[in-house]
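Chemist: For reference, the structure I am asking about is given below.
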């Protein structure tokens, strides 16, 4: 199999016939990558070497800016053929990225059937089942025999996204049952579809969030899931390849949101200005918030001047409780993300976090106490006791909040990753610093501890 | 469709016939959940209500401890039937969880064919293609006609994990080509398999890491991927449902490892002692490391006593550069995880992080400078300049390390998520605090700034 490197050198020695052969025989996704990385002036040339079927497949894998460029530089007839033959869901995704003017022109050139299919998908909200489904699927009537059904599948458009499931509907397109190609093959040809199809058919409503669709298909190991409207009429299907992409997208979102990247959708190789836009506002916002935490310290500057070992202890206090919070937050957000836990499990998971948190609080509290003893001067030894106590309490609060906050957000139907790890640690710092310094001041002023 | 709640109440009113009907008609995964959550003494009763096919399917979805319990309480013949009928990959996964003695007894009861299949899978390393594959697939010879191939598929064991792809091999099982059921259906029955099968067939070697298998199948939208040994002989296939699980598992691992959860595989509803084992050692280790960071402060206690506003500024410095590092780390680790970037892109991604980092350094440096001005006494104003400078440098270092470290780890074939966010921020704190306090001391001692 030729690699990317082979291809590039082939295009350099300009052996066009060999290149053409390779471009038409390699997987479309590889050819898409190859054309996407060519210098702009050579992309249209390479694309014209593709035969029609391959051109349609490859086009879907090109980056949006290259798609737009090709739409501008290729002949209108060529473009119309490609866009007409695209799967409705891929076409809708393309139209999402293109300028409105270009979309309008392309829509006008589509056949009314394909235009309707695209409009249907674009009519649903982003991130819902309706938006990720395709309108190309195999539909059967109950009265058909297995043999007739197989003939119908054979005669149907080869481009149906999957033929491995066929859906049985009534005259009003109401979804009644599902039958797999496997069942059709394993049954005698004169059996009736109505007799072998299963009427316990899982389905998604058009407005179901895409991550719920993905979890449903994962749970039941489905290759395809039918999508129905409010009247239970079949409007499309979602296929497993889309689910794989959705699951990856959702996991990336969780990871990045937990780290404070706005939107959770920064590409690793994005432009620097995208990176700045996704990260800087949140960082600046967090600094403003952190002023709150630091303000908790500001009134105690005299105390710190009296007991400077506090400046050594406080970062450890902040760091450790922050880490505890981030651990609890990450495990809980991910547990919710993969559907392993639901808000109904709040008490159970909280019990676990508090029990584990107690042990952690003890361990970290003791550690900080010992360290404080080592660092403090003989007169400051009492600080170690306060440090231990505040550390233990802060760690327990951190574990509790790291669990309760995402659970609460999910219960309110909000994104559990809405509160990022650093945001939570900022709040914990404010509370921790204030408690710690207040107790130290109290000890200094009321109990007249020496410093 | 009955829900979990319905089922539970059904079992309470003891309408066993209705329960039996439901248990045999609901999806196996739901029945598995239901039985898993029953009180221990009722699990075997419920399980005995299942007919053979459903019992086999349900057994695979039970938690390992319930599987073990049932193996102990059900009749040997019943258990042997179930374990014999399990898919080889699921059986291998079960044997992984069971005590060695139980595995030995079960292995002895298996037919030699199934025992061989299980032994083959268990012979490969955990986390490789060989370990997640199944040995049940459809194999064809080149000389067959399409009609004969379809008959062979129809006659083959219904339990083949997927019949949607068939693999063409020679007499030595060497993998030659692949043909999809779709192609078979769309071709005339007397065409030869050798003529329609594609010889450009993607394959995984048995030792390929499971995450690479998953990325490969995702990239090429494959429902199944053949697995070959060193001699290119077909030994198994990996199916898309396994890939979905692998991708989820890998994402969870990344999220948890970035947050410092050892192994990255803590279940959200694990026992408290598991949580403690997964989190506390790392937290304690991090505190020991953080002693390094705090030790960077300890020698400067006098400086802090002279300029107490430092105790307000330092947590902000630490917090902001830590956040920058975590953002860069998360985007890079995830980019590597989904195969969006490879170590070859290091320069390109570093360029982006440095350019974006410069803008971020400027923004955060200025912010801290302004805040320092507000908090400091008139004599301390000069501290603001030092704080701005150190913040800017630290932020730039944070963005660079957050990118370079995972890239470097990946290049060394190590796990890019090996260094968690908090670990990196600890290092940054040590460097940042030391630089900051050294510069302040220098200013105090050499330039005789007042405090």
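Including glycine, each Cβ sits where the backbone N, Cα and C put it.
Reproduced below are the annotations present in TrEMBL:
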type	residues	note
DOMAIN	A:133-196	domain 'CBS'
DOMAIN	A:197-253	domain 'CBS'
TRANSMEM	A:280-298	transmembrane segment
TRANSMEM	A:304-326	transmembrane segment
TRANSMEM	A:354-376	transmembrane segment
TRANSMEM	A:382-405	transmembrane segment
TRANSMEM	A:417-444	transmembrane segment
Chemist: Do you know the DSSP helix, strand and coil residue counts for the domain 'CBS' (A:197-253)?
Modeler: 24 helix, 16 strand, 17 coil
Chemist: Helix, strand, coil residue numbers for the domain 'CBS' (A:133-196) per DSSP?
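Modeler: Across the domain 'CBS' (A:133-196), DSSP assigns the residues as follows: 19 helix, 18 strand, 27 coil.
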Chemist: Out of A:304-326, A:382-405, A:417-444, what stretch is closest in contact terms to the transmembrane segment (A:280-298), meaning most Cβ pairs under 8 angstroms?
Modeler: A:417-444
Chemist: What residues elsewhere in the chain lie close to the transmembrane segment (A:382-405), defined as a C-beta under 8 angstroms and at least 6 residues from its ends?
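Modeler: For the transmembrane segment (A:382-405), the nonlocal Cβ contacts are 307, 309-310, 313, 317, 320-322, 324-329, 332, 346, 349-350, 353-354, 356-358, 360-362, 364-366, 368-370, 372-373, 376, 419, 424, 427-428, 431-432, 435-436, 439-440, 443, 449.
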Chemist: Restricting to the domain 'CBS' (A:197-253), report the mean pLDDT as a whole number.
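Modeler: 92, rounded to a whole number.
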